[in-house]
Amino acid sequence: MTNPMQATRKIISITDQNVVHREDQVAREYPLTIYVNDREFATMVCTQADLEEMVIGFLGSEGLIRFYKQDVASLSIDESRGFAYVSLTKELPTEWQFYSKRMIGSCCGKSRQSFYFHNDAKTAKTSMSRTTMTPEQCFRLMEALQEQSVIFQQTGGVHNAALATPEQMLISRTDIGRHNALDKLYGYCLMNGVPVRDKVLLFSGRISSEVLLKAAKIGVGIMLSKSAPTELALTMAEELNITTAGFIRDGRMNIYTVPERILTPKKEVQ
């Protein structure tokens, strides 16, 4: 049976001493075109898994869905043709065709100017989370994410994201697209009524501005990554009151924004 998430390819592996012909695993790409109320809305190139969650999470992050049961009349996916059909209980906003357009807007009414999609100022949430955690909990959660990253270990070609409490990881999702992995998590939360304000977001890739915005739209207050952030992402995190920590590996980490949610040791070295 064909694995929809990865494929086997014959490759030539070269080192400084050897040339080896062998088989290797590579991640598959799957295009999915989303229709909303019979109108073509977006095409996403993704990993063919958890597609319903991804569609719902994407529409939620675009501001079209707030409550799954109230806002979605029907959802069906034709995986053989690569189409998703969503019927909403309300009409599309008149400005829906501009949702994918880049524009410059201010964050939550502040004067600082940052790059946002058309509707980001309305859908990005300023975090009011009171969740706190220790560095040791951060290390354990990131180790758990790594252990769950089976497809990445086999292919090296996907991103992993997870939702957790400070004590344990709750759910993880995988995709070739970093945004898609986050949309899958958000979709799961919307479809299952999972509260997110007290949760922690774990991520395998860098924290870019668009990734940070996804976290804000999901509604978490803490985002942990094994990789680096960008300067614009940190500016947004400060404005949205989101704690960001990166380079979490080998018992080390960097805290970039809103550090009071990470309970650091009292002894500090200047």
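Here the Cβ of each residue, glycine as well, is placed from N, Cα and C on the backbone.
Feature annotations, courtesy of Swiss-Prot:
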ACT_SITE  C108  active site, cysteine persulfide intermediate
BINDING   F247, I248, R249, D250, G251, R252  Mo-bis(molybdopterin guanine dinucleotide) binding site
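All features noted in Swiss-Prot, drawn onto the structure.
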residue	record	contacts (Cβ under 8 Å, 6+ apart)
F247	Mo-bis(molybdopterin guanine dinucleotide) binding site	S225, K226, S227, A228, M253, N254
I248	Mo-bis(molybdopterin guanine dinucleotide) binding site	C138, F139, M142, L224, S225, K226
R249	Mo-bis(molybdopterin guanine dinucleotide) binding site	M142, K226
D250	Mo-bis(molybdopterin guanine dinucleotide) binding site	none
G251	Mo-bis(molybdopterin guanine dinucleotide) binding site	F139
R252	Mo-bis(molybdopterin guanine dinucleotide) binding site	none
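The Cβ centroid of F247, I248, R249, D250, G251, R252 marks the Mo-bis(molybdopterin guanine dinucleotide) site; residues of that chain outside this set whose Cβ lies within 8 Å of it are F139, M142, K226, M253, given in sequence order.
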